[in-house]
Amino acid sequence: MTDLKDVTRPPDWQDDVRQGVRHVRDLAALPLSPAERAAAQEAASRHKVRAPKAYLDLIDWNDPADPIRAQVIPSLGELEETEGELGDPIADHEFSPVPRLTHRHADRVLLFPTYQCAVYCRFCFRKESLTSIGRGYTREALEPALAYIADHSEIREVILTGGDPLSLPDKALAEIFARIEAIPHVRLLRIHTRVPVALPSRITSGLVAALQGRLMITVVTHFNHAREITPATEMACRTMRQAGFVLLNQSVLLKGVNDTVEALEELCRELMYRLGVKPYYLHHGDLARGMAHRRTTIAQGQALVEALRARLSGICNPVYVLDLPEGGGKVPLGPCPIEGRDGESWRIRGQDGAMRTYREIVGE
Ligand SMILES: *Cc1c(COP(=O)(O)O)cnc(C)c1O
Ligand code: SF4
C-alpha cells in the first residue's frame, strides 16, 4: 500500500519502470521458486515480460494463485497451445488497409501508434503482433494511417490502441493529438490503455495537457481486479477526470483472476464509486494462443453477469461481449430475458425471475 506521503508527492514514474521487471533476466530478482523461475523464463521467450514496480508491489508472493501475479508473471500454462487457438483472434490484420490501422466499423478506426506497452499482460489477444511487429512510435510510421483517416470522412472516432499509447512520451502524444485534431471530421479520440492500472505515476499534468483541444477525449482503462484499485490509481483517474476526460473500463473475464460474482461485483462497484470509471465491457476470453487455462465457458460468464445485474446498479454493470473471430465484431453474450412471443404479446423474465407479459400497443 502506498502511504499518504507518497500520494502527496508523486513518485517519479521512470523509477517505477526502472525498478520493475523489464527483461527476462529481471525475473531472477523475484521471489519465485527455481521451478517457477524456469517456467517464467521459458514462457517469457514466447511473449515479452514487463511490469513496473508499482504493479509488482501489489502481488502477494505467498499466494501462488494471486490474481495480480496471474496477469503479469509468465507461467507454464502459456506453453500449452491448443488446436483452434489463433494468432490474430479478432482479425486485426485482415481489416487493415494501411499499416498501423484497422477499419472494421465505418465510423471508427483503431490506430496503433506503438506496439510496445508499459506492462505485458499474459492473456493479451494482440501478443503476437506485439512480438512480430513490436516497433515503437515514429512520425513517419503513422503517415499512411493519418492520410487514410483524412481521406475517409465517415470516420468520427479514432481509437489509439496498440501496444499502449500512454507508454509514449508527452511530446509524441501531443504530436499525434495535433495531427488527428486537424482532421475536421474526427470528433472523438479514444485511448485504450493499461497505464492508469500498471503505471499510474505516468498520468501526470504534462500528459493530460498534451491531450487538450477540440477533440472529446475518452480513456478506456483496463482494470481486471479490485486489488488494482489503489491510492495511486485513484489519483491517476482523478487527474484524468479533472482534465475533462470521459473514463470507461474494459475487463477481460479470466479464470483464477476475476471469475467469481464477488470479484466482479467489487471491481465494478469500486471502479464507478471510487474511481469514477464506468464499467463498459466485460470481454469473454478470446482465442489467444496458450490461454486455455485462463478461459471460462460462456455459460459461466452468463451466470456471472446475470448475478451482477441483480447486485449492481445499471451504471455499475458492464456489457458482457465476445469479440468474434474473422472480424465478426463485438457481440453481447448476456442471457436473453425474452422467453417467447405470441403475436403482440411478449413473455419476458423480470429481474425477480418471474415471467411478465408485455403487450405491444403501437399507434398508427
Ligand atoms: C473493439 C473495436 C472497436 C471499438 O468498438 P466499440 O464497440 O465502439 O467499443 C472499433 N474497431 C475495432 C476493429 C475493434 O476491434
Ligand atoms: S497493455 Fe494491452 S496491448 Fe499491452 S500487453 Fe496488456 S492487454 Fe496487451
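Every residue gets a Cβ built from N, Cα and C, even glycine.
What TrEMBL annotates here:
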type    : residues               : note
BINDING : Cys117, Cys121, Cys124 : [4Fe-4S] cluster binding site
MOD_RES : Lys330                 : N6-(pyridoxal phosphate)lysine
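Counting only the Cα atoms, the space from Cys117 ([4Fe-4S] cluster binding site) to the residue listed as 'N6-(pyridoxal phosphate)lysine' is about 23 angstrom. By the rule that a residue counts when its Cβ sits under 6 Å from some atom of ligand 1, the recorded positions Cys121, Cys124, Lys330 yield Lys330.
Applying an 8 A CB threshold to same-chain residues 6+ apart, the list for Cys121 ([4Fe-4S] cluster binding site) reads Gln71, Val72, Arg194. Lys330 (N6-(pyridoxal phosphate)lysine) falls within a strand segment according to DSSP. Least packed by the Cβ count within 10 Å, out of the binding-site residues Cys117, Cys124, is Cys124.
The [4Fe-4S] cluster site is defined by Cys117, Cys121, Cys124, and by the 8 Å test on Cβ atoms against their centroid, the other residues of the chain that qualify are Val119, Tyr120, Arg122, Phe123, Arg126, Lys127, Leu130, Asp164, Arg194. Listed in sequence order, Tyr281, Val321, Leu322, Asp323, Leu324 are the same-chain residues six or more apart from the residue listed as 'N6-(pyridoxal phosphate)lysine' with CB atoms under 8 A from its CB.
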